[in-house]
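Here is the structure we will look at, set down as structure tokens.
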Amino acid sequence: MSARTARIAAAAGCVFAYLVMAAYVLVAVNLPPEVRPAGYGGAELLAPGLCALLGMLIVFRRPRLLVAWLLLAFGACSALRWLMGSLAGLVELAGDPPWALQAVTTGGVVSRTAGYLLWLLIPLLYPDVSLRRSRWRWVCLALAVWCLGQIVVLTLAPVPSGGMGPPPWAVLEPGPALAVVLDVMRQVNVVLPWLSLVPLLIRFRYSGPDVRRQIGWLLLAMAIGAVPTYESGHLWPTVLSEAAVPVAIAVAVLRYRLYAIDTLVSRAVLGAALLGFVAVAYLPASALTGVVLSGRGEVVAAVAGILAGLAFRPVHATLQRGLDRMLYGRSGDPRTHARALQRQIQRAGPAEALAAAVQAVMNGLAVTGATVTAGRQVACGELGPSPREIPLVWHGEQVGTLLIGAPGRRRFPPAYERRMLAVLVPIVADVAHAVRLAEDLRHHRERAAVARDEERRRLHRDLHDGLGTALTAMAMSLDAARRSLDDSPEHAYRLLTDLRLSMNSVTAEIRALVYDLHPPGLKELRLEAAVRSLAAEAGPPADVRATGDLTALPPAIETAAYRIVQEAVTNARRHAGASRITVELSGDAERVRVRIADDGTGLPERPVLGAGLTSMRERAAELGGTCLIAPGEQGGTVVEAVIPLPPGRLTPPDDRTAAPDVRRAPPPIRDISSPELLTSE
């Protein structure tokens, strides 16, 4: 049987069972109390209705599962048993021909015994035993033969069966032998439900924790149902014991994902609850608006519908949270996870908070592992071969990646996972952003410490090896000149003259040292004028073009932009042999852009990382910008740096005074700023 055919058959079987239950109610409600079936009251249909519906839903998911068909068949047989009992009273009251009473009585016997057989087979085949390879198939066959024998005996024996009276065609003579047979049947039928629990106990003993929870509920329900209650004179013990079986299987399905149909069942329950709410809420809303707006039927209906619709969304959210809590326990409520995670984050630092967030995601989704990569990697559990990747976005910027492993033993439905991720991912993104900021701050501090140490070493080297040596030589020259003043004034004069020249050299070195610390005139001239002054130095001509307002830049950004231009122009003049250089400066409210292009020899085929190009990249990166070095469209080299501005530090120019930029837009450039593509100076 194909899956589609199985689903159609299951739906037809469920509809048949409910039609039979409806017919039973219609017949029984019109019967006099003296011929009405014993125990009539509506509660007896609870077990048939639950079994038929649950069996159909399981077949939709697992068409070849025997337990699903057993539940569906038990629901139909149990409904037929009650219908035959009511029809027997109707036939007896109407005085119809004997064959009608014979048919109804036989139908009652068959449906009752078949239901008893199905009841015994459920624990033998639960949760997913197949008869093809099961050692219990001979037990199932023996039970089927036993129940078939009971049908024959109860059909031919002159004894009442199921509250419907003796069959009219009873051919067996009453006597001691028949009494012994019936007594043996009765005693065996009492023992068989207890013996049917043996397979469940064996599977419970040798199964894992999740399967034990699935089996434990049915084991308890079958144990309750095995207690003989039909002789108590009350119907409710039998009704409750029969209804406990589908309820136990439903708990195993919903709470422990047995047969993986909890999504289907939860949606059906949620839809039914919402439909009931709308129906219940519409009536009082209609009555209330009818009192206020009497005589306006159309307006009353519209207002009542609007009121019910307004309450739909919050009621849906409340029901969904309650259903998640019922299906998955306390861990099933995404908001509970979020509140617990936020409390942990408040008490921990960024690193510990990220680990807690990863653990919360892993526990909330019941997966084998989870990992967050945000500057650093924090892992929990095992991801497996093909983890699911979810970007962590903070205010439109991706700050990391969340990797989720395969589902664990307790597999949650996709709808639940989406709700859990919708609540937890923003919190994880916030924590990842904080961790990334902390990592960036640490790296910046380390780079600042390294740069400060390198600057001190350079100053120490320049002062010790350069200025220190020169000053020592000057001191020695002064001593020699002082000793020569009396004996050889001319020699002393020459020494003082050389000393004066040495002082000029030392002064130039000091100026160069100060120049390296901070460009001269940058504070007074600002960026554009300082770059024009740099372009006017000896060497190939450099054309400087500036657009936008560059007069209110922070000092750090001005220095970085100037140093990048200085390094690029120096490389073009000294190493590339350029005959012409173009420097473009532009600024707006968000960034400063620097572009230097030359017509020199360009980049080699295999560029190598150099100190100068590395310094340009680092200066831009320290301020959150980028620096791209690429070959020009018509030869030469193009260096383009973009440095973002802090908010509110630069005001865009007035459109009425800003000069229009009519130049052709520069061609797109290829970024070669990776270490293997950068050139040396």
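Glycine is no exception: its Cβ is also placed from the backbone N, Cα and C atoms.
Listed in TrEMBL:
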COMPBIAS  652-664  compositional bias 'Basic and acidic residues'
DOMAIN    556-647  domain 'Histidine kinase/HSP90-like ATPase'
REGION    645-681  region 'Disordered'
TRANSMEM  38-59  transmembrane segment
TRANSMEM  66-84  transmembrane segment
TRANSMEM  104-126  transmembrane segment
TRANSMEM  138-157  transmembrane segment
TRANSMEM  177-202  transmembrane segment
TRANSMEM  214-230  transmembrane segment
TRANSMEM  236-256  transmembrane segment
TRANSMEM  268-293  transmembrane segment
Fill in the blank from the handout: Here the stretch out of 66-84, 104-126, 138-157 with the most C-beta pairs under 8 Å to the transmembrane segment (177-202) is 104-126
Problem - the domain 'Histidine kinase/HSP90-like ATPase' (556-647) [mean pLDDT, rounded to integer] - result: 84
Handout entry: Contacting positions for the transmembrane segment (66-84) when only residues 6+ beyond its ends and CB under 8 Å are counted
Key = 10, 13-14, 16-18, 20-21, 23-24, 27-28, 37, 44-45, 47-56, 58-59, 104-105, 107-108, 111-112, 114-115, 118-119, 121-122, 125-131, 162, 164, 242, 246, 249, 259
Handout entry: Residue distribution over DSSP helix, strand and coil in the domain 'Histidine kinase/HSP90-like ATPase' (556-647)
Key = 31 helix, 31 strand, 30 coil
